[in-house]
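Per TrEMBL, the features are:
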- B:4-336: domain 'RecF/RecN/SMC N-terminal' (DOMAIN)
- B:GLY30, B:GLU31, B:ASN32, B:GLY33, B:SER34, B:GLY35, B:LYS36, B:THR37: ATP binding site (BINDING)
Amino acid sequence: MNIIDELKEAFKILPGVGNRTAQRFTFYAIKADKESIERLSRLLNEVKEKIHPCKICGNPTTEELCSICSDSDRDHSTVLIVENIEDLYQIETAGKYRGVYHILGGHLAPLENITPEKLRIKELIERVESSKIDEVILALNPNTAGEVTSIYLYDLLKKYKNIKITKPSIGLPYGSTIHYLDNYTIIQGINERKEIKGY
Amino acid sequence: MKILDINVINFRNIKEKKFEFADTVTYVYGENGSGKTNLLEAIYYLSCGKSFRNVKDSDIRMRETEYFHVDGTVSSDDTKHKIAMGMKSGEKKIILDGKNIKKVSELFGVFIPVVFSPEDTSVINGSPMIRRRFIDRMIASIDNDYIIYLKKYNYALEQRNKLFREAIDNDENLLYAYEKILTENGIIIAERRRETVDKLNEIITDIYFRITGAKDRIFVNYKSEFTDGDRDDLLLRYRNKRGNDKLLKRTSFGVHTDDIQIVINGENSRYFASTGEKKSLVVALRIAESDIYNKIKNEYPVMLLDDIFSELDEKRRRNLLKFFIDKAQVIITSPERYDIGTGVAYINMEQIDG
Ligand SMILES: Nc1ncnc2c1ncn2[C@@H]1O[C@H](COP(=O)(O)OP(=O)(O)O)[C@@H](O)[C@H]1O
Ligand SMILES: [Mg+2]
Ligand SMILES: [Zn+2]
């Protein structure tokens, strides 16, 4: 493979980029001035070097802790569990939630080789044991994989008797995901959350 | 429920042709191999994007062509819908009233045909899976949520099976999470199947008598491990089966092992009924299905009667037609043209370029 083909293939790893777009990107890279290409490759490098998951919640950050975990105005005793960064961003955009997060990195699905050790579940248990947490909100996606993951987490967490385990109370359509929901639905769902008394 | 017309392109031996159907009876004739069953298959395909013959889309596409397409107008309660469906370079396209649809399941309930093909006795002779599918399709056509319960159940089943298949079944919490989903949805599935089998039993013996004139007692026997025991019992039974499932490398307990036996005079028809009895039973089951649909939806599905005339004698034919004439739209196929009354539209399949 020559360098042009190789670059084209490399562009195809980007979401939504197929053959044609990858080709356009490649030709652009050939024609573009040196500075803009250098800037792009420097930033791509830095993003990999400097951005890492927040020590506590898993949210990408350049610091040790993300801006949410280091914000003393937020309620650190309420932890909302989401599958992905996209879900966290969607809830933050909706704006009303004042607790903190825990990003799992997906949902359980053995068929896709996603078993418990592939998710940030161990980190969650350590967090629950080492800090003062009053409430865990299981805000997984409203589909069967999310339901399975919620049941699994509930069973792990229920032995911590002073933690209230809740879930958003929304009549979400089966199969939807949080990052496609509108702000109103998200805020209402979190505000009117329900305690899980057993699965 | 009615189908007004269908436009068929490259569907098996039908190259390109528009068919129109009468409100009451459409009679499709032509020698064997002329494409009568193919036309019924195209009509059925429009309802759900699948063949009733259990084949792949690539078998349906006319040999040496690149794509196939069907579109048609259907109506229910005087509301018309246009459905279009096609397959080009491995990609399926479904359009309902001008809008693209992602999954065939979104089409469910728009158009419901019932196929009678006495030649196909697989619902009696085939595996329990075929009988579960028969009953499930019946339930799904009257209960919109049923598909969701089935999907959740099957999802959990496949995930749990994977744990045993790969011997990664050591996490009890994870097994439990899947067993919860299986139990919760399995209970609903078993309940619906039970109710539907009960409804079948209310009418099936009488229907059988009305086609055959024979005083046989027909009974549909729902066999399920899920019928007794409450939620906690069932959960416990999954737990107790874990050792067994580990050896089998799959889930051995649940509604996916259900069977629906068709019993005639106390004997399982699969083993004891004659070929003629099996054919009559298949027809009786389809009539019962249509009847149950009508009781709930207040209209009959579209009846697709494939070559029943050569299978049944004169008396049974007339008895069968009596069930539906003036109630449902009927599309009949037969190798020979018989005059069967007024208001009937005739389609000669031999005049179609193949
Ligand atoms: N994919 C296909 N492409 C072309 N012809 C096909 C295809 N599948 C089946 N056929 C043809 O269709 C004919 C059978 O049609 P069918 O509808 O079963 O006839 P009948 O009128 O007896 O019901 C056969 O001649 C067969 O070769
Ligand atoms: Mg035929
Ligand atoms: Zn953080």
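Including glycine, each Cβ sits where the backbone N, Cα and C put it.
Sequence-distant neighbours of B:GLU31 (ATP binding site) (same chain, 6+ residues apart, CB-CB distance under 8 A): B:PRO335, B:GLU350. The local packing around B:ASN32 (ATP binding site), expressed as other Cβ atoms within 10 Å of its Cβ over all shown chains, amounts to 9. In the vicinity of ligand 2, defined as a Cβ distance under 6 Å, none of the binding-site residues B:GLY30, B:GLY33, B:SER34 are placed.
Those same-chain residues not listed among B:GLY30, B:GLU31, B:ASN32, B:GLY33, B:SER34, B:GLY35, B:LYS36, B:THR37 yet with C-beta within 8 angstroms of the centroid of the ATP site C-beta atoms are B:ASN38, B:THR333, B:PRO335, B:MET349, B:GLU350. Cβ neighbour count for B:LYS36 (ATP binding site): 22 (other Cβ atoms within 10 Å of its Cβ, all protein chains included).
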